[in-house]
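Asks: Could you have a look at this structure, given as structure tokens, before my questions?
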Amino acid sequence: MVNPTVFFDIAVDGEPLGRVSFELFADKVPKTAENFRALSTGEKGFGYKGSCFHRIIPGFMCQGGDFTRHNGTGGKSIYGEKFDDENFILKHTGPGILSMANAGPNTNGSQFFICTAKTEWLDGKHVVFGKVKEGMNIVEAMERFGSRNGKTSKKITIADCGQI
């Protein structure tokens with residue numbers, strides 16, 4: 001089985017920035033990967049298209065996926081509002097790692113983050129389910145609009161997304 005690839009076309013205040021593609025590790029975390037894949041295609045009638053990265057901390061990560069409230073308090077999975085941590089096989093080994101944001105154990109919804117550094121203190125707490133395949137330079141460009149408290153200086157959105 002080949003792991004799926006999805007893409008995000010990123011915009012800054014409505015202006016195109018570029019494309020980021022992700023390999024989703026369906027071979028290790030099938031349920032978590034399928035959630036992200038389906039939210040990227042929008043095939044369930046809801047998903048990431050048009051949503052923003054509400055929290056960007058340079059040298060740490062870019063967080064998005066709250067397509068219901070757009071501020072980090074919302075979002076939902078394809079399995080219902082929340083789903084359990086699938087496993088912690090994969091680790092936060094460095095830049096480009098794609099992992100689930102949560103509010104504690106077994107609270108996965110749709111929020112995710114892209115690491116821009118090694119974040120080993122998150123191992124065993126957040127489910128890693130993918131990695132940047134192409135476009136890490138776009139993620140690095142997104143970082144420039146972040147701040148230490150995570151507030152972004154411009155609106156960073158997923159203008160389009162889907163499966164390749």
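Cβ from N, Cα, C; glycine included.
These numbers come from a predicted model, not from an experiment.
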Asks: Which one of ASN71, ASN108 gets the tag N-linked glycosylation site in Swiss-Prot?
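Replies: Swiss-Prot annotates N-linked glycosylation site at ASN108; the rest carry no such entry.
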Asks: Distance check, please: Cα of LYS44 (N6-acetyllysine) against Cα of THR93 (phosphothreonine), rounded to an integer number of angstrom.
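Replies: LYS44 (N6-acetyllysine) and THR93 (phosphothreonine) have their Cα atoms 32 Å apart.
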Asks: Using C-alpha atoms only, work out the spacing between LYS28 (ubiquitin cross-link) and LYS131 (N6-acetyllysine) and round it to an integer in Å.
Replies: 13
Asks: I need the CA-to-CA distance for CYS62 (disulfide bond) versus SER77 (phosphoserine), whole Å please.
Replies: 19
Asks: Go through LYS44, LYS76, LYS82, LYS133, the listed recorded positions, and name the one with the sparsest Cβ surroundings, counting other Cβ atoms within 10 Å.
Replies: LYS44
Asks: How many neighbouring Cβ atoms, not counting its own, are there within 10 Å of the Cβ of VAL2 (N-acetylvaline)?
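Replies: By my count, 7.
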